[in-house]
Structure formats: C-alpha cells, structure tokens
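Everything below concerns the one structure shown next.
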Amino acid sequence: MLKDVLGKEGEKVFLLGNEAIARGAIESGIDIVSCYPGTPSSEITDTLAQACSHLRGKMDYFVEYSTNEKVAFETGIGASLAGKRALVTMKHVGLNVAADSLFSFAYVGARGGFVVVTADDPTMHSSQNEQDNRWYGKSAKLPVLEPSGVNEAKELVKVAFDLSERFGLPMIFRTYTRLSHSSGIVDLGEIPEKRFEKVGWERRPETDVVLPAHARKLKLVLLEKLEKIENHFDKFEFNWIEDGDGDTGIIACGLSYSYVKEAIENLRSKNDFDSPPVLKLSSMHPVPEKLIERFTDGLKKVLVVEEVDPFIEMHVKALDVEVLGKLSGDMPMNYEYNVPVVEMGIARVFGLEPSRDYEAIMNRELASIAPPRPPVLCPGCPHTATFYAIKKAGGEVLPSDIGCYTLGINKPLEAVDTTICMGASAGVANGLSYFVDGKIVATIGDSTFFHAGMPPLANAVYNNLNYTLIIMDNSTTGMTGHQPHPGTGIRACGEGRRVSLEDVVKGLGVEFVEVVNSYNVRKLIESIRRAIEHDGVAVVISRHPCAILWTRERKRKGIEVRAFEVAENCTVCMKCITDFTCPAIFVDDGKVGIDAALCVGCAVCASICPEKAIKPKGVGR
Ligand code: SF4
Ligand code: SF4
C-alpha cells in the first residue's frame, strides 16, 4: 500500500516485492523513473507514479510512462549522462525492445546511477515466452543483480545505484513474478531530501559517441570495469557461504535461496539429515568465480538451484566438481520454482524422502479444482464488439498483437490467428499480404500501436501493401493496469498533450482512415467492409473506453449503469452465444439470460439479437 511505501525511516512495513523495489528507488534518491508497463513489473512505476506527488518538494523525481521500452531506456540514458539517477522498469520481453540501446550504452557507461529492472516471468503467467534475462548481462557485458527476498530487493536497489556510479556501469536488476508479486516485511530506510535542479551539459564525445574509433577503445574500458566488478562480487555482502555438512553443496540463486532454506528445514523434519553447505548468490553476472571456487573447494558435487535457464550451472561446469541442476535433470528445466519443486530436487540429489508426497498432493489438488475456465474478455469489452464486427465484415486472415484482445483467440470469436510480440500484428500482416490469398484484417491496441505499431504501418504504406489494420482504441493500456499512453493525453503525474491516433495514421500516409464507436456494431461492420475493399493499406480506429474505466467513470459521475435483460420474444436462436460472447450472458435450463451484476449496459448484445429480444432492464416486458 502507498502509505506503507511512504512510511518513516525505522518502520517495518509489509510490502509487495515491486513496492519494495519502488521504495528502494526512493531511498536511492532517484531523479527519474521511466517504463513501459508490463506484467510482472508494472507496480514498480505505478507505485512511484502515485508516490511522486506526495514526495514533491521533499524528494523530487520525474515519472514517465514511455511509448516503449527502448524509449524508456534512452530516457534513462539521457538522465544518467546528465549525472542523474535513473530507474528504468520493464518486463523481460521489454528488454528485447531496449536491447539496441542496452548494448551500446554498456560501452558508453553510466554517469549518474542507471538501473534497469527486468521482470522475468517463469511459467509464462502473462507472457509469450519464458526468457532468462541474465543472458543480456553476459551478452552486453553488464552486471546482473538478483534479490533473494522482498526486503533484500529494496536494499539491493540502493546498492545497484551505488555500484552503477562507482564502476560507471548500467546495472541490470533481475526480478521475476514470484518475487515481484510476493509480499514481505521491509525495514524502511531514510528518504533523502532532494529538489529538482537543472545541470550544465558537458560534451564528452569520446565516450558518448559510439562511432567505431571510440567504440574500439570503449570495449577495452568496459572489459576492465567488468573485471573490477567481478572482483567486487567475490566479496559482495549479498553473496555468502553458509557452512554445512557433507561433500555436496547447494548454490542458491536469488529467490531460490529462500526456497532452498525452507526445503532443507522440511527435509530435516522427515530425515536424519544435516544441512549441507550453501552458497547464496545475488550477483549473477559477472559470475563471482573465486567465490564459487572457494565454495566448491573440497566438495564432490554441487547442486545449482536457479530460475529459468542453467546460467550459473553452465558457468560452474567449468570447475573441477560434479555439477547437478537443470542440465543433469535433477531440477526441472522449465517453469517456475517453488518450495515443493526445490525440495523434490534436493531430496533426489541427497537420496532423501520429501517431507510430503508432493506428487500425490498435486494430483489430488488437480482432481479437486474446478474445470479450467479460459480467460475471457470482460462484460461490455469494446474489443468483443470489434472482433464480432471483423468476422461479420468478412475478415479471413487475422494477425493480432499483445494485449487483452489476444483473448479474441477464444470461441466463438476466433478472431486472432497470430500473436508474436508487440507491434507484430501489423508487421506480420506486411509479410502475409505479399503471399496470402484472403482478406487480411490485423488488430492492435492503442498503446501497442504507439509502442511498436507505427513502423510496420509506415512500411505498409511505403511498400504499397494491401491489408486492413484495426486499431482497437480503448484509451488505456488495459492489460497491465490502465496506465496512460500518448493517445490519452495523461502523464504519470498530471496532464500532458494528447497525440491523435488518426493524425498519426494519416501522417504516415494512410489514405483510408475511419474512426467508429466500437459499440456501434452496424457502422463498424460497414467501415471494416469498406476498408477491406480499399485498394491499399486501410486503418479503422475502433474507439470506446475500456469497459472497466467506462463503468467506473459513469459511477463516479452518478450515472446509472443500466443492465440489460432478455425479453419473452427470445426465440433461443443462440446467436448471442454462438456468434457473440459476453460473460454476462448465460444459458440456464435452455433459456438465455443476462446476469445483471455483470452487465455494464453496453447494448452490443441488443444490437446483434435478430429478434430485438434484448432490452434495458424494465423496458419491453
Ligand atoms: S440472440 Fe436474441 S433471440 Fe437469439 S438467443 Fe440471444 S436473446 Fe434470444
Ligand atoms: S449489454 Fe449485453 S453485451 Fe453489454 S455487458 Fe450487458 S450483456 Fe454484455
């Protein structure tokens, strides 16, 4: 909670991992935070955005929801080069977008502290892949830190800023879903006093311009910095060795350290088993080789417990010790870890009996849980109306994008044929339009369009391609918690200037541009038909606020939200179920009904019912 995040020095408060990171940034005296929201990272910047007005005049900092992660990263670079502290946050795949800047900024080096938080998503709870961003550290030659708990997350952010300035290196701070979204007790430190102040600009082209002659020298400087920080990590206070018995040790990385500790306690309750030696690691790259050698000296085997990829395991393999982990098959290669997974792995390696029969428990739990319910778009979601209209208008080839609207894949809409990454609906439509026989109608959200949809649309205009792009404009970034974007005209901490989607699209050279209210299904179908018939790239902006925000806004203004109901003249043709879908509509005992508690009164079902049997509650009975 914000009041806890803003608590006083010396207090102990219960915070979400992401809130702890936000508090760490505040205690670090950050000057700016920039991000593109992405689960599981979003609450970091959301918290800092809420906190900034409370801290204004005491600890000033800027907050920016950037158009995409590369822009966020570069905003942070600008601040760092001006000697200011920048926190940049994103989900793991966001770092792919920012990677171009990341690799070059590694050569330039940080001036003011620069920390990029990347939130990995093992098991892909809300992501298109399971990606381990420690590899970015190795590949870009940058340090990677990974906390082992919520309190440590806060402390490690402060350390990351200090190290960034001390070694002149941008720091990668890796978290992941279970850490970002778990809660723990946090010891609050001091919030520094700091006012906004402009600084003079000092030209340093020899470091800040990465033309080849400079870059060749800068690479050597980067390697030197990396060696120095590796030496530092060999004695780093967030890495430590815990003595134990036996000749098999455990290397526990980041949050896995907490799992390992709990798993050992569980195993000791069931087995005659002394705790093995444990190396707790929070610096992932450069790998602290001397520390690992000290730990493995005298051990015959070592089990590595780490999230996602066998990153440390592969490094330790070079040492003179048998290494167990993902590659040896002793720990699962895929999906996220937890205490049972880790306990079963340790039990296997040490020949112990797990404290519980986890497999039986999991099978029992699986058998007892309710049948799986696929996630659905919300009642009254404007995207549902748009997908319905696309199918009715004759859309046949349907590339889509990243956002709530990916749920349009489900029956009965089945209006999503491809989803690759941000902006790829328009990009894939480019390629499809060269070869595929069929009416291509691509869909993309408003925030996603600003993020990565503009370049592929410019490409379509430039290459005279022929497809329809529907920009589903619900005036927010819906999936990550309703953050604003340039099309909303709202900034993280106040008013901004609205960037008009239609002006941008026209400015890119698209000749067919129409804007339609998503809830006006008849007009939307007509507009999409015209767009499909248009010779060349055509854009339809289907616009209606996200149903959640729309309902919240009407309630705030005291406007009655009127539910709809099914009248007696319903012929049970089932069109509202088989062609359309809304979670508020149900079938009970062969009759169609509407759940008034869920219905937001959008009237779209009424407009698609051939019998005009759906009416506002209390009308037409
Ligand atoms: S579409 Fe209309 S008539 Fe058909 S089942 Fe639904 S409410 Fe009844
Ligand atoms: S009016 Fe119809 S489509 Fe809209 S929320 Fe209610 S039941 Fe769903």
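Each residue, glycine too, has its Cβ placed from N, Cα and C.
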Do you know which of Cys573, Cys582 TrEMBL groups with Cys599, Cys602, Cys605 in the [4Fe-4S] cluster 2 site?
Cys582
From Cys546, Cys609, the one annotated by TrEMBL with Cys570, Cys573, Cys576 for [4Fe-4S] cluster 1:
Cys609
What is the separation, in Å, between the Cα atoms of Cys599 ([4Fe-4S] cluster 2 binding site) and Cys609 ([4Fe-4S] cluster 1 binding site)?
16
Would you mind reading off the Cα separation of Cys582 ([4Fe-4S] cluster 2 binding site) from Cys576 ([4Fe-4S] cluster 1 binding site), to the nearest angstrom?
8
Of the binding-site residues Cys570, Cys573, Cys576, Cys609, which ones put their CB under 6 Å from ligand 2?
none
Scan Cys582, Cys599, Cys602, Cys605 for binding-site residues whose C-beta lands under 6 Å from an atom of ligand 1 and note them, or write none.
none
Long-range same-chain neighbours of Cys573 ([4Fe-4S] cluster 1 binding site), Cβ under 8 Å, sequence gap at least 6?
Pro610, Glu611
Taken over the domain '4Fe-4S ferredoxin-type' (590-619), the model's mean pLDDT:
94
Look at each of the binding-site residues, Cys576, Cys605, and point out the one with the fewest other Cβ atoms around it within 10 Å.
Cys576
